[in-house]
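Straight from TrEMBL, the features:
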{"type": "REGION", "residues": "1-27", "note": "region 'Disordered'"}
{"type": "COMPBIAS", "residues": "1-13", "note": "compositional bias 'Low complexity'"}
{"type": "TRANSMEM", "residues": "40-61", "note": "transmembrane segment"}
{"type": "TRANSMEM", "residues": "81-98", "note": "transmembrane segment"}
{"type": "TRANSMEM", "residues": "119-137", "note": "transmembrane segment"}
{"type": "TRANSMEM", "residues": "208-226", "note": "transmembrane segment"}
{"type": "TRANSMEM", "residues": "238-259", "note": "transmembrane segment"}
{"type": "TRANSMEM", "residues": "279-308", "note": "transmembrane segment"}
{"type": "TRANSMEM", "residues": "320-341", "note": "transmembrane segment"}
{"type": "TRANSMEM", "residues": "386-404", "note": "transmembrane segment"}
{"type": "TRANSMEM", "residues": "416-438", "note": "transmembrane segment"}
{"type": "TRANSMEM", "residues": "479-500", "note": "transmembrane segment"}
Amino acid sequence: MTTGSTPGPGTSPATNESFSPDTKAAKPAATAGKPVAYPAIWQGFLGSLFMFAGSIGIGWIANGSPMIRHPIVIALRTEGWGVTISAVLLTVGAMLLVRSWLRLGQRMGSWEGNSLKPIVAAIGAWSLPLLFAVPVYSRDVYAYIGQGRLMMEGQNPYDVGISTLSNWFSLGADPAWAEARTPYGPYFLWMAHAVVGITGAQPDVSVLLFRLLAAGGVLLCVLYVPKLAELHGINGARALWIAVANPLFLISFVASAHNDALMVGLAVAGTYFAATKRPILGILLVTASIGIKPATVLLLPFIGLMWAGAGASWPRKFGIWAATAGISFAVLAVSGLPYGLGMGWAWAITDPTPGFTGYSPSGFLGQQIEFLGNALGLPGNAMADILRAAMKWGAVGLVLLLMFRGDHSHVVRRMALAFAAMVLLSPIIQPWYILWFVPFLAVTGIRDDWQMRCLYVGVTFFVVFGAQDQLSVWSFVEVSVDLSSLAFAIALLFAFYLVFLDIHTRRLLVQGKISRWVGQTDRRLLHRPPNLR
C-alpha cells in the first residue's frame, strides 16, 4: 500500500459500517441502486427552491444591480408582506436542507452497494437552485468584486481597502471591507481581476462567475473526498455525504460563493496526490490552495511527512520539510510578481483580524472571564485577552505536537486535527471555517456516536445562526415583526421538531434502543469499543 494510504486503527470495512441506533439497516431491494434515498433528495431540492425564492426578497442585492428595478423584486423587497414571506421561505428552506441531509444519511442504511451515485445526485440537485439565488448568509462575494476593481485600476489590495474606489458601496460590499486589506492569496486576486475584466464589474454576472469558481472547488471535493477516504478504508460515499452534501457546505460555498470552496477543494486534491506518492503535484495543489486563501499553509508540514514516508529519520523529515516549504514559497513568490503583489498575502497569517466572535470557545470563555473579573474588581478585559491569547498559542502547540508525534499511517488524521485546533481555538470563527477541516476528518473516519452528533449540532447551529444573522432589509420597509427574531424562532422551532418530534431524525441526537432490524452480528459491532482515535 502506498505511503500515507495505510488505514489507521478502526478503519477496516467492518468497523466503518454505519450500523448504529441512528441508521436502520438498508432494505435488500434498495441496496443496489439506493432508490430509497431519492425522497430525501427531492425534499432537499424543495428546500433549495424555497431558499432561492426567499433570497429574492431578503438576500443581498447590490444597489447598482438592474435586478432591483424588476417588479417582482420591488414587491418582495419594499412591501412588509414581501420581506416577511421571503424570510420565512429562506429559513424553512434552509432547515428543510438540514432535515434532508439527515434523512439522506439514514436512508443510505449500511452504505453498501452503489451509495456514491445518490450522494452526488443530492449535491447536484441541492446546489442547482442555490447557484442562481441572490447571495444569502454572507455578502463577501461583493467584496471580491471590489478587490477585482482594485486590481483593474492598478492598486494593490494588500495595501488599500475598497473605499478608494468610486461608488464602491453601490456594488453591495459590507462597509467592514472599506478599509480592510484583502486576506486572500495572489491566485484569487488574479481570478477577481479576470472576473471584473469580463463583466465590467456588473454585480449580478460577477456574482455568477464567482459562484462558478466556487463550484469548481465543490467539484474537486466531490472528486477527491471519496478517493482520499478509500485510501483510509473509509466508505467514500459516507465521507462525501458528511463533508460535501451537508447544508452548511452548500449554503456557504454555493449560495454565499465563498472562495474557501476553492481553497478546500485544492487542498483535498493535493492531499490525495501526496498520499499516493505524487508529492510534487500534491505540494503544487496545496500551494494553489494557499494562493486562494493562506489558511492552508498549515497543511504543508503534513504534506512533507507524506513525502518523507514511513520510518523516515528526523534528518530526512527536516530536509523534506525544508524542500516542501522551499517549493511552495518559491512558487508563491514568483506568483506575486505580476501586478506587483509580492508576498503581501503573508500578512493574513502574521497579522490576523482582531476581535472575537461570541460563539467561539475562546470568545465565549473570554466573555465569562471578563464578566467575572469585572465583578471582582479585577481587569476583566485584560484577563479575557490573556485567555484568548493562551488558547491561540495552545493551538500552535497542538499543531507542533501533531507534526512531531503520531503514527505515519495517521498523518492525514493528524493534519485534520491540527487544522481543527487552529480553527476551534481561534478567537474568530466564521460559520464556514469549520468546513476547512471537516472534509479531512470525514476521509479519516467520523464515528456514528458523539462524533457525528457534534457535527449534527455544529451544522444545525450555524444554519440556524445564519438564517437570522444575514437578512438584507431596507430601512424604510415597514414590517409588523422583527424579521431576525421571526427567522430565529422558525429555525429554532424546526430544530426542536427535528430533535424531539420527528420520528426519524430524533434518533440522531437522542440515544434510543437498538433497532430490531439490526442483527446479532451488527449488535456486536454496535457495542464494540470505539477504536478510531
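Just so you know, glycine gets a Cβ as well, placed from its N, Cα and C.
Those TrEMBL annotations? Automatic predictions, nothing curated.
Bear in mind that the values here come from a model prediction, so they are computed numbers and not experimental data.
For the transmembrane segment (279-308), same-chain residues at least 6 beyond its ends with a Cβ under 8 Å from one of its own Cβ atoms are 3-4, 183-188, 259-260, 262-267, 269-273, 316-317, 320-321, 323-325, 327-328, 331-332, 335, 345-346, 348-349, 399, 403, 408, 411-412, 414-415, 418-419, 422, 436. Through the fold, the transmembrane segment (238-259) approaches residues 16, 18, 48, 51, 55, 94, 97-98, 100-101, 104-105, 108, 111, 115-116, 119-120, 122-123, 126-127, 130-131, 133, 135-138, 140-141, 144, 184, 188, 207, 210-211, 213-215, 217-218, 221-222, 225-226, 228-229, 292-293, 431-432, 434-435, 438-439, 442-443, 446, 452, 455, 458-459, 462-463, 466 of its own chain, all at least 6 residues removed from its boundaries and within a Cβ separation under 8 Å. If you count C-beta pairs under 8 angstroms between the transmembrane segment (119-137) and each of 81-98, 208-226, 386-404, 416-438, 479-500, the highest count goes to 208-226. Contact between the transmembrane segment (386-404) and the transmembrane segment (416-438) holds: at least three of their C-beta pairs are under 8 Å, each pair 6 or more apart in sequence. Listed by sequence, the residues of this chain that lie at least six past the ends of the transmembrane segment (479-500) yet keep a Cβ under 8 A from its Cβ atoms are 58, 80, 83-84, 87-88, 90-92, 94-95, 98-99, 102, 460, 463-464, 467-469, 471, 473, 506, 509-510.
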